[in-house]
Amino acid sequence: MDTAATKPRLVPSTRFALSLVMFFGCLVTYMMRTNMSFAVVCMVSENKTDTGAEKISRCGKEMTPANKNDSVIGEFDWDKQTTGMVLSSFFYGYIGSQIIGGHLASRYGGKRVVFVTILGSALLTLVNPIAARTSEYALAILRAAIGFLQGATFPAMHTMWSVWGPPQELSVLTGVTYAGAQIGNVIVLPLSGFLCQYGFDGGWPSIFYIIGVFGVAWCAIWWYISSDKPVNHPRISADEKQYIITSVEASMGKDTGKVPSTPWIKILTSRAVWACWFGHFAGDWGAYTMLVSLPSFLKDVLGLNLSSLGAVASIPYIAYFCAINAGGVLADTLRSKGILSTLNTRRAAMLVALVGQGLFLVASGYCGCGQDVLVIIFITCGMAISGLQYAGFVVNYLEIAPPFSGTVMGTGNTISALAGIISPAVTSYLTPNGTQEEWQVVLWLTAIILTAGAVLFSVLASGDVQPWAKLTAEEGHEMAPLREGEKIELATA
């Protein structure tokens, strides 16, 4: 079959429509994840130990230990330990369901897993105010349950792209999908600030009500538009269906309809899988440093508070979103035109993303007083360039093990989630006094981890479906791995 001559356009198409729906799914998922971080500011009253606290001078700016908004009076008298427990409870649940999410999606279909996890998260989000007014422990348990549900969402989406994504469009389709997470972060910050002051039921509860309703509404759209496989979709054109099925089968073998058992030994001993896991861990370590630790550095050393910058604070997230999508288009163009092989495209994306991010992080550590604009530029460039990793290890999960991509990615997510626990602890240990020299050590360490992850990925990675991940044409007979020269050549959409 001449796929170059019969390839349906990417835009508009059913597969691109699916990526847009997933985009909004990621958007609402991240809004439900991060809403507590912003809502807690107006939920909790100032601690007595913080009231009247001595002002700290940084770069000639006076800063108080806690951000105060005179128009918002917190409803709860929680101490910092209680607030920390509530905020961290999500991630304890999140770690627990990554692997099972990919497995369930492989067995029962990604459509159902995504539907159940986001609908469940949305319904529990609606109950957040009731739980908070009942007990801080009830709220922590509820947040852990939301984390457990959301832990299965992204592996399930990855499983769906293993059967919906033609190989040379995967960078674009997954890039559009997961870029929704960053737009969710952009939206939830100003939305939460507005609803804290002007929302109903005391302000902060309206954050959870509105986002929860959005999540429920999205689930209705998802159930109507999505399908586990192209062959089951009621509205896809015959040409697009045949194109997707032919492209996917050419890369991973015939689909017999049987779900193979997960080859755990081969997964755990696969160089290509560990390449993705190393890159995943390093990328998440850098992300947690950018999102969690770097704001503390700006406050400690420069007296700069990101929450006071208004719309400027969203610029790094917007740049990240643009880089994810631009990187996906660029990666697929390089491959389709034969400029770079699949493997070298993934290597280049990881090296530029992680090494580049490390350089910008280190550079920000040497900014001094009066260089606020420069440090924002470095943060924006660092976050933007890191978005290219979505054209690296993220899509590579789908290329090396399509039938098990959800499970393999879920395992990688579990490993990389440890970065979210270890990174803040290491940062606190290395910055007891919050001096610039201490922060430079933290940023250099982060750059080393990023570089190590990029190098290990480049050395161990593969651009082909692994032999153990090939579906069988007949039970007991493994399809031979597709050689580089046998890959389907696709025309530009």
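Glycine too: its Cβ is placed from the backbone N, Cα and C atoms.
Residues or ranges marked as transmembrane segment in TrEMBL: 16-33, 113-131, 137-157, 178-200, 206-225, 272-294, 306-327, 348-367, 373-398, 410-430, 442-461. Residues annotated as domain 'Major facilitator superfamily (MFS) profile' in TrEMBL: 18-465.
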The transmembrane segment (16-33) and the transmembrane segment (442-461) contact flag, 3+ Cβ pairs under 8 angstroms: no
Segment confidence, the domain 'Major facilitator superfamily (MFS) profile' (18-465), expressed as mean pLDDT: 84
Contacting positions for the transmembrane segment (410-430) when only residues 6+ beyond its ends and CB under 8 Å are counted: 91, 94-95, 98-103, 151-152, 154-155, 267, 276-277, 280-281, 283-285, 288-289, 292-293, 296, 393, 397, 438, 441-442, 445
Spatial neighbours of the transmembrane segment (137-157) far in sequence, C-beta under 8 Å, 6+ residues away: 22, 25-26, 29, 32-33, 36, 85-86, 89-102, 104-105, 110, 113-114, 116-118, 120-121, 124-125, 127-128, 131, 177-178, 406-407, 409-410, 413
Seg_contact(the transmembrane segment (206-225), the transmembrane segment (178-200)) with at least 3 CB pairs under 8 angstroms, min sep 6: yes
Recorded stretches the transmembrane segment (272-294) and the transmembrane segment (442-461) touching, at least 3 CB pairs under 8 Å: yes
Long-range Cβ neighbours of the transmembrane segment (442-461) (under 8 Å; 6 or more residues past either end): 271-272, 274-276, 278-279, 281-283, 285-286, 289, 293, 297, 343, 346-347, 350-351, 353-355, 357-359, 361-362, 364-365, 392-393, 396, 426-427, 430-431
Close approaches to the transmembrane segment (178-200) from elsewhere in its chain (Cβ under 8 angstroms; 6 or more beyond its ends): 22-31, 33-35, 38-39, 41-42, 69, 71-72, 154, 206-207, 209-211, 311, 313-314, 317-318, 320-321, 324-325, 390, 394
